[in-house]
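As recorded in TrEMBL:
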REGION    1-25  region 'Disordered'
COMPBIAS  1-18  compositional bias 'Acidic residues'
REPEAT    84-126  repeat 'ARM'
REPEAT    126-168  repeat 'ARM'
REPEAT    167-209  repeat 'ARM'
DOMAIN    187-332  domain 'U-box'
REPEAT    208-252  repeat 'ARM'
REGION    371-391  region 'Disordered'
COMPBIAS  379-391  compositional bias 'Polar residues'
Amino acid sequence: MGEEEQSSVGVEGEEEELAEKVGEAETWNQRKQTLILEISSKLIHGDLESKIEAARDIRNLVRKSSSSSSSSSSKTRSKLGAAGVIPPLVLMLCSPNPDARQVSLLALLNLAVRNERNKVKIVMAGAVPPLVELLKFQNGSLRDLATAAILTLSAAALNKPIIADSGAAPLLVEILSSGSVQGKVDAVTALHNLSTCKENSTAILDATAVCPLINLLKECKKYSKFAEKTTALLEILSNSEEGRTAISNSEGGILTLVETVEDGSLISTQHAVGALLSMCQSCRDKYRELILNEGAVPGLLRLTVDGTAEARERARMLLDLLRDSPQQKKLASSVLERIVYDIATRVDGADKAAETAKRLLEDMVKRSMEHSMDRIQQRAASCTPSDTQST
């Protein structure tokens with residue numbers, strides 16, 4: 001009996017606690033709706049100080065909602081967008097007051113994150129031209145915020161052609177060389193977003209982007225998401241003669257792509273081998289030796305075993321082009337794989353042939369890489385100090 005009474009008391013306590021939480025949530029929602037209306041009124045009708053205060057309130061309100069739940073913050077963003085706060089915030093981007101520009105940028109970023117409708121509303125309200133002007137600023141903070149805004153807005157498909165035609169891309173390319181670390185990361189991602197839009201009426205990148213992209217790829221981890229976006233842009237650039245020339249002329253350009261083939265993720269290796277293949281296909285005589293001299297074969301052989309389907313095919317095609325003469329193309333990687341498979345079948349039987357063949361190929365790749373490394377070390381050892389300085 002006592003246990004039943006205790007159980008009943010426990011249930012009543014839980015119900016009271018639940019009712020209290022529901023009441024608190026309703027009170028907060030009512031208060032939030034009032035705050036949204038106040039913010040909207042200040043932005044539309046207030047003086048500059050009131051507008052700046054309202055822009056700060058937007059950040060605080062979204063942050064407070066985010067601490068509650070992601071769905072709550074999403075609803076808050078939608079309600080703020082529906083309340084008409086976006087057009088006055090966009091107008092503030094053109095203000096001569098630096099504080100007004102900064103708080104409006106931060107507010108717009110908070111409204112755009114994870115909200116497709118607000119992203120489109122911001123661009124439709126005319127935000128892109130003032131953001132492009134802010135990309136020209138020497139003020140690192142404002143330029144970084146504008147870059148982050150372009151990145152966020154370019155994630156929406158409807159915005160990509162508008163941003164691509166705005167003149168933002170060349171300024172983003174400049175940031176690849178002169179921006180902060182975060183600015184460079186955001187610029188690469190923004191350019192990658194814009195490059196995926198087939199409706200763009202103008203080319204997003206030209207050969208001036210190659211050198212900073214190669215430098216960034218040198219410095220980053222080859223299997224990172226950043227490397228995937230960087231190599232995707234380099235593959236696009238490799239489709240033009242100017243881009244191919246810039247890659248080969250960049251210090252360590254081809255070597256960096258070869259290293260990405262060896263150490264990159266499935267996606268970055270696919271893009272890196274795609275860039276090398278594009279170069280060799282365009283002019284075998286010009287690029288074959290350059291690629292071979294950087295020790296590309298071991299990584300390409302490995303890629304024929306464990307790359308994506310597209311990467312495997314690209315690696316085989318490039319290996320064919322790297323052979324001594326066009327006639328040797330008949331001895332393609334697929335033929336080599338068949339020979340190894342036949343040998344494995346005779347040794348271990350049909351049941352284990354696939355596993356054995358893969359192991360044999362991997363061993364061949366390892367031996368080839370060791371041989372290639374020996375050649376590179378011998379070449380490095382043969383260089384005199386004067387040779388090194390002259391280069």
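Here the Cβ of each residue, glycine as well, is placed from N, Cα and C on the backbone.
Across the residues of the repeat 'ARM' (84-126), the predicted structure has a mean pLDDT of 96. Each residue in the repeat 'ARM' (208-252) gets a DSSP state, and the totals come to 34 helix, 0 strand, 11 coil.
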